[in-house]
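According to Swiss-Prot, the features are:
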{"type": "REGION", "residues": "1-25", "note": "region 'Disordered'"}
{"type": "MOD_RES", "residues": "2", "note": "N-acetylalanine"}
{"type": "REPEAT", "residues": "126-147", "note": "repeat 'LRR 1'"}
{"type": "REPEAT", "residues": "149-171", "note": "repeat 'LRR 2'"}
{"type": "REPEAT", "residues": "172-194", "note": "repeat 'LRR 3'"}
{"type": "REPEAT", "residues": "195-216", "note": "repeat 'LRR 4'"}
{"type": "REPEAT", "residues": "218-240", "note": "repeat 'LRR 5'"}
{"type": "REPEAT", "residues": "241-263", "note": "repeat 'LRR 6'"}
{"type": "REPEAT", "residues": "264-285", "note": "repeat 'LRR 7'"}
{"type": "MOD_RES", "residues": "299", "note": "phosphoserine"}
{"type": "MOD_RES", "residues": "305", "note": "phosphoserine"}
{"type": "DOMAIN", "residues": "322-454", "note": "domain 'ZU5 1'"}
{"type": "REGION", "residues": "423-452", "note": "region 'Peptidase S68'"}
{"type": "ACT_SITE", "residues": "444", "note": "active site"}
{"type": "ACT_SITE", "residues": "446", "note": "active site"}
{"type": "DOMAIN", "residues": "455-596", "note": "domain 'ZU5 2'"}
{"type": "REGION", "residues": "566-594", "note": "region 'Peptidase S68'"}
{"type": "ACT_SITE", "residues": "586", "note": "active site"}
{"type": "ACT_SITE", "residues": "588", "note": "active site"}
{"type": "DOMAIN", "residues": "788-873", "note": "domain 'Death'"}
{"type": "REGION", "residues": "884-910", "note": "region 'Disordered'"}
């Protein structure tokens, strides 16, 4: 690229950006500028806008330290723009020149046009951060090697086949990422980067590492995943500061034993390699991950040829929100859905091309099978076609909400197979502290969700007998003697803890204590042929030498019974210093209690119910600049203060409700009262009430728009929103539901919070659509849903001052936005309606227009309006499907598992 551009050419390019601007146009271009940040990467014609500013040289431009530009521009215009940066933005500290904002027909991100940088950029003396991701760089620009103050360099998703030796001369570099390139070797000079702390070289073609890499004395994180490494240099043991070493998905056959001696190493990821043997130091280390290796297996007779390892790069698909299907060929592919779910189809998974469809469903009680102590962590993913077996297992990664409590609990992926639900072997992958993936292998497609459950241990009991121990509580054991079963049968156990303070408060007895709650289940006949010995820890604080046996009770519960039975007199309790042992012939739930109370069964019912209740508060807030927009949320008690601090910048409203208790999966409703109604036709609105389902780890939040039939010009409307209980989950103790019924009608009421719609002045009266005459308009189609004229009017009424950002993301030119502002400068509503309807008329009849609108709303940080549009589309789709189903024209579609779907199996009762 040329380093300079002549003055007349620069002025001509700037004038092309807006020939009609007068001398004060620079002040109107500064909405792109926020403080010391200039973000032009999402604006059409960003380079022209920057050139225009460079010509005018406003004072604010000299203060810019952070600049973002899209490289999806004309190469010559991009070259001219970059050449002006050293003179016009001399204080620049961060420069982001990224592609990836545009996608191809399959949804994959497109690379930008950038292939080089002007030599003059080395004059940016203050530059510390340079991002060149998603471009077409084949070599590293020479000017980058002269940026002595550069601290972070991002080169991901380019076409680099090598890195220059001079890269090792950057004295301040602390962060370097070169993922998704074509690197085959690394320069030895890389080891001279003494300040480098994070190095990411994943998704390349590296087969060896230079020994000099051990010279990176400050390195904290090293990611070499998804390369072709067959061995590692011993010098890696010299990385004494290393904390994270990721080597999964390589061809490693051996690993240096000295890696176990790195003093600060907290994670060594060796999954999916060719490791058949490991040094004992690594095999026993708790921070090593080894899944997917053939450990202990014999080596093949003929080693595979290195040529065979040169597998063609697997195609990658990135789906946008308007796509719900994708093709898969026998070649395989890696797919990232718009909702964040990832799938990997290995080569040969399908014998013929197949189209995969997906839906992300909101959780509801009939669709989410939860055990008594399970918690839902994700929405429900449906993958179709159902039941089609793949020739190789497909990898599935689901994002989920990190559980609050992890002690004695585990995260699993639950799926439906042959009319029953089961849990898959699940591995967790941590991308960031609050961004976790649940990874599993699936042989066919169905419904999938992520749940947190008590740690489950299982084994196959042979006729010779065996021992089953709990990994969550080592003191819990089950001993199967020889002859307990004739045929091998599978048994499993779960252990649930209860806090001693909660029990003591419930009973009003400071000395009360309980053991962990034990659930035992099995397959096969309900009874064993020989008594099975169960060992439980004594209640906390109690020892076998000091306890009063008259206060020790063994309780037993067999679903679907509603009561806990005291079976202390029916078994022989053998006590040691720390444990109690007893024998049973069938499995169920067992619990040890230590209390002075006599009727322990009823207390156990209350305690078990308390174990499953969540203490929550309900909030109702109105948006400060649009009081008709109401946020409703149900929050765990410990999250209320932090959430309110975050929301009260944009919302205001009454104090949260008093604390109420709810079960996982319990339905509740929000009803607007005293003159206020919901202002939308929503699928979650039943008889004017907004439906919720409480899941403790999900957000439980909805934003709705309200209206009133009262005259707001006469006075403000003082209404309210009340919250009422709905259906309780099936697996709630019957006595809990009965207790609520005995409380009368008020048992369904939980809280009431005030809502106020302020009085409108005469000029602010409702004018939405008043006097507006537009041709009938339907945007979309019957199968994906329509947006009618009234729907678009509703959207227009929500946008307010955010409409220019939405317009730019819709592809409306900046000049057109300015023209609309000027033409309707005294009427904000008319500005919004004119922009939205003129865009809609141009899009009428074109596919993908509705998806483009939703995407623009999300990119403009108006998720609330985007969700309302989705709700309207979903309602339209339902009505359309119902109509064609009534006419007998609907194709057969696998039905959702309804409320009659079997729940996870409970222990059998003898």
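Keep in mind that glycine also has a Cβ here, set from the backbone N, Cα and C atoms.
Secondary structure of the repeat 'LRR 1' (126-147) per DSSP, as helix, strand and coil residue counts: 5 helix, 3 strand, 14 coil. The separation of residue 586 (active site) from residue 446 (active site), Cα to Cα, is 33 Å. Sequence-distant contacts of residue 444 (active site), defined by Cβ-Cβ distance under 8 angstroms and a gap of at least six in the same chain, are 386, 387, 388, 389, 390, 417.
Counting only same-chain residues 6+ beyond the ends of the repeat 'LRR 2' (149-171), those with a CB under 8 A from a CB of the stretch are 99-100, 109, 111, 125-140, 177-193, 195, 200.
Long-range Cβ contacts of the repeat 'LRR 6' (241-263) within its own chain (Cβ-Cβ under 8 Å, at least 6 residues beyond either end) map to 202, 217-234, 269-279, 281-282, 285, 289, 292, 309. Away from its own ends, the repeat 'LRR 1' (126-147) comes close to residues 65, 71, 90-100, 109-120, 153-164, 166-167, 169-170, 172 of its chain (Cβ-Cβ under 8 Å, at least six residues beyond either end). Counting Cβ atoms from all protein chains shown, residue 588 (active site) has 21 others lying within 10 Å of its own Cβ. For the repeat 'LRR 4' (195-216), residue counts in helix, strand and coil come to 5 helix, 3 strand, 14 coil, using DSSP. Within 10 Å of the C-beta of residue 586 (active site) we count 16 further C-beta atoms, all protein chains included. DSSP assigns residue 446 (active site) to coil in the three-state reduction, placing it in neither a helix nor a strand.
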